[in-house]
Amino acid sequence: MTQDELKALVGQAAVAYVPDGSVVGVGTGSTVNCFIDALAAIKDRIAGAVSSSVRSTERLQALGIPVLDLSQVERIPVYIDGADEIDPRGHMIKGGGAALTREKIVADLAERFVCIADASKRVDVMGRFPLPVEVIPMAAAQVARRFGAAYGGLARVREGVVTDNGNLILDVTGLHIADPLAMETEVNQWPGVVCVGIFARHKAAVCLLGTPEGVRTLNF
């Protein structure tokens with residue numbers, strides 16, 4: 001199966017985790033697009049969606065799925081999103097689509113995070129995929145230097161990208177993230193950092209992993 005076919009497979013499988021009558025949290029990215037397309041088939045059974053990005057909002061609305069403002073929702077039963085990497089404990093690197101801050105906000109509302117990914121995203125230790133960090137523009141160089149000093153990482157500004165919040169993305173390479181929760185906690189305290197793309201506090205409860213043999217369900 002191709003990577004696109006694996007994404008479609010887990011996108012379809014994730015629909016089973018959406019309770020009838022609920023508001024569902026929707027992430028961002030190519031795998032999530034497959035979930036949105038599958039969600040359209042049951043749009044009459046749900047109350048709507050809360051979206052983590054402008055791109056996802058536009059796709060949801062184009063398919064006739066109501067999108068609610070975050071202020072209208074106190075809790076949601078499930079948040080469905082992809083990952084750039086996921087480790088054996090359900091910790092993730094996210095933010096390849098530059099929507100990490102809003103993704104983390106929506107994930108914080110959810111009772112359960114269901115990650116959808118193809119098998120290539122499963123790793124033993126995170127850090128091979130560049131770690132995205134949303135930063136206030138004036139702090140980009142300062143935060144980049146700090147990554148080098150603290151972790152030996154090389155941080156570069158992602159060219160041509162401005163987040164939905166008007167900020168920049170640093171992509172940090174050369175990391176070995178043995179303790180995701182500790183790194184997430186520390187980096188989020190650095191001045192100028194809006195959000196780091198480590199999801200350890202908001203880790204996955206379930207991962208639907210697309211494999212050539214079908215969907216593999218990992219519970220954390």
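Every residue, even glycine, has its Cβ placed from backbone N, Cα and C.
The feature active site, proton acceptor is assigned by Swiss-Prot to Glu103, with sequence analysis given as support. Per Swiss-Prot, substrate binding site is recorded for Thr28, Gly29, Ser30, Thr31, Asp81, Gly82, Ala83, Asp84, Lys94, Gly95, Gly96, Gly97, Lys121, and the stated evidence type is sequence analysis.
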Residues that sit under 8 angstroms from the residue listed as 'active site, proton acceptor' by C-beta distance, when 6+ apart in the chain: Gly27, Thr28, Ser52, Ser53, Asp81, Lys94, Gly95
Extra residues within 8 Å (Cβ to Cβ centroid of Thr28, Gly29, Ser30, Thr31, Asp81, Gly82, Ala83, Asp84, Lys94, Gly95, Gly96, Gly97, Lys121), substrate: Gly27, Val32, Ala117
Among Lys94, Lys121, the one of these binding-site residues whose Cβ has the fewest neighbouring Cβ atoms within 10 Å: Lys121
For Lys121 (substrate binding site): DSSP state (helix, strand, coil): helix
All-chain count of other Cβ atoms within 10 Å of Gly96 (substrate binding site): 21
Farthest-apart CA atoms of Thr28, Gly29, Ser30, Thr31, Asp81, Gly82, Ala83, Asp84, Lys94, Gly95, Gly96, Gly97, Lys121, residues recorded for substrate, distance in Å: 16
Conformational class of Asp81 (substrate binding site) under the three-state DSSP mapping: strand
Binding-site residues compared (Thr28, Ser30) - the one with the fewest other Cβ atoms within 10 Å: Ser30
